[in-house]
């Protein structure tokens, strides 16, 4: 009897404890209509703080900051045998930019296994992860982000989006910020970084997660912005998580606030926020108004400047009118009027500037019949050699190959030459390799581009009526169309850049890292182009410039470093890390070895472009050679500055006779000069 009594008592205690536990889980419900009362249950860190008017400020106008605010009791899901977890939350936030600057980075509602996110980074990591924890299942974190900066590394769709992040900032679901208007029956865009309060509802039930947005005084829309199935218990095996907010700034800053917050395990029991009780969002002060007297003085000064500039413009227009000479009559169909090019480029507006290089600036334009074009403006003060140069430009325009950028014509003014070519909407290869505004190229795209340029260069060497040496093959001179097909461009500038003088075949011309050793002694030939193409192959495969003075000494010369990787039996380690291992190892090894063969310092050891085309298309196998073969993997002395050159860069200057060099703003490589030569250069 006593034993049975003990068992009943034990069973009662177990049921009582479970009931208390279940009750505590059911009781996790709260509401904050502003945060000026009962702040004890909220844990803040970083830049987060409560303001006197009841606002919860997560970040201020300081760079590289992060702020967190968590409810100090965990949201517990219960045992594995209990019902599936569910919750609903409603909060109002505001992201306020500083006047005159772009704001960032964003704010997120967070479920985390820990309130301690102090090891997370600000900027694009939003105070949620760092480089080592991002993407790790051990992070145990689910976030709904309101992101105002587009980060290419996380495949963000734009700089005004909402995303659902599961242990990673690469969202499993995202959409541009908007809300469904039940009145109009369609989605309406919503600017996150407007400074206006935004309502956010997050509902989770039966593994379905819904995220809904709306302006402040709008009822909850009937359709969510995001809806996705999420297994919350898989993210949080311990079946509990802390709930709260995270926000961050980087070099872009903004004030990020939470005005009110309501949470409940049961959507039906979720208390609605009282909009009338929410604090007002402060607006940063705008600069004080300029005094009327100063405005009048500025207007008078502007009028004077306009008169002076207008007079100077008329003077310049008369003095530098378009130049036409009798010998240009045969080229009439290829001659464009300056007025048409001026209108096509909207007056060479800086907004249409595509780039700036060692020879001049390139602008995008539109002609009625041809459509989009690229116009390159070149300054030139000498008339000597102009006739021969224009003749060469026209001849270059007659070259026909599918992978050459078509040269359409020219325009000539006193002191200026304008070259018109087809516009390539894909930009240049170096923009994909070295600039964050373009997505990384896949391996198949890179190989296809290399094959395109090899075909074009083979045509210049063997397919034209005369041998054409490009002499400046590099990533910034390889253009792409909308389908990412490669086109070799930016040729025909040599004689003009040398101020009309007759070019010597022994002149050392090109860009640092692409120049063959023999340029300063025996001069140019098709094999010097082969060397530059080999450097370009390595550049595209490795995602590194052929010569980078900022790298450690052992990695400064790409040719030497790739050969060293081969010597150590790890050739594929030289591949661009942005490929993330998605490449064909055998094909990569073939391309890298071919690049090393083309950059041999022994000209006779290099293949010609016909052979290169056969090798890169896998029609022939590469000849047998090793990293210890003479001439392979040797960095050329011209990169260090030979006595016959005068190379000027931000770090090296040599005041000796020879062609001068200047840094190219197009690709930050040291450019010496650039030519095309017709004749027997095979």
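Numbers run from 1 along the shown chain.
Note: Cβ is positioned from N, Cα and C throughout, glycine not excepted.
Among the features that Swiss-Prot reports, signal peptide is placed at 1-19, with the record citing sequence analysis.
The annotation topological domain 'Extracellular' is assigned in Swiss-Prot to 20-292.
Look at Swiss-Prot and you will find 27-264 tagged as region 'Legume-lectin like'.
Residue environment of residue 60 (N-linked glycosylation site) contains 16 other Cβ atoms, counted within 10 Å of its Cβ in all protein chains. Taken from Swiss-Prot, the feature N-linked glycosylation site covers 60 (among others), and the record attributes it to sequence analysis.
Positions annotated as N-linked glycosylation site by Swiss-Prot: 130 (among others). If you take the C-beta of residue 130 (N-linked glycosylation site) and look for same-chain residues 6 or more apart in sequence within under 8 angstroms, you find 119, 120, 121.
If you look up Swiss-Prot, you'll see 187 (among others) marked as N-linked glycosylation site. Secondary structure at residue 187 (N-linked glycosylation site), taken from DSSP and collapsed to helix, strand or coil, is strand.
Sequence annotations record features per position, and here Swiss-Prot assigns N-linked glycosylation site to 210 (among others). Secondary structure from DSSP puts residue 210 (N-linked glycosylation site) in a beta strand.
Secondary structure at residue 231 (N-linked glycosylation site), as computed by DSSP, is coil. Swiss-Prot lists 231 (among others) with the feature N-linked glycosylation site.
Among the features that Swiss-Prot reports, transmembrane segment is placed at 293-313, with the record citing sequence analysis.
The annotation topological domain 'Cytoplasmic' is assigned in Swiss-Prot to 314-682.
Per Swiss-Prot, domain 'Protein kinase' is recorded for 348-622, and the stated evidence type is sequence analysis.
Around residue 362 (ATP binding site), taking its Cβ as the centre, 20 other Cβ atoms fall within 10 Å, counting all chains. Feature annotation from Swiss-Prot assigns ATP binding site to 354, 355, 356, 357, 358, 359, 360, 361, 362, 376; the stated evidence is sequence analysis.
Packing around residue 472 (active site, proton acceptor) is summarised by its Cβ count: 28 other Cβ atoms lie within 10 angstroms of its Cβ, all protein chains included. Following the DSSP three-state reduction, the secondary structure of residue 472 (active site, proton acceptor) is coil. The active site, proton acceptor annotation in Swiss-Prot covers 472 and is backed by sequence analysis.
A distance of 17 Å separates the Cα atom of residue 472 (active site, proton acceptor) from that of residue 362 (ATP binding site). In sequence order, 207 constitute the residues six or more apart from residue 231 (N-linked glycosylation site) in its chain with CB-CB distances below 8 Å.
Comparing Cα positions, residue 210 (N-linked glycosylation site) lies closest to 354 out of the binding-site residues 354, 356, 362.
Residue 354 (ATP binding site) sits 35 Å from residue 187 (N-linked glycosylation site), taking the C-alpha atoms as the reference points.
Looking just at the topological domain 'Cytoplasmic' (314-682), the mean pLDDT is 78. When the alpha carbons of residue 187 (N-linked glycosylation site) and residue 360 (ATP binding site) are compared, the span between them is 46 angstrom. A distance of 41 Å separates the Cα atom of residue 362 (ATP binding site) from that of residue 60 (N-linked glycosylation site). Residue density at residue 360 (ATP binding site): 21 other Cβ atoms are found within 10 A of its Cβ, drawing on all protein chains shown.
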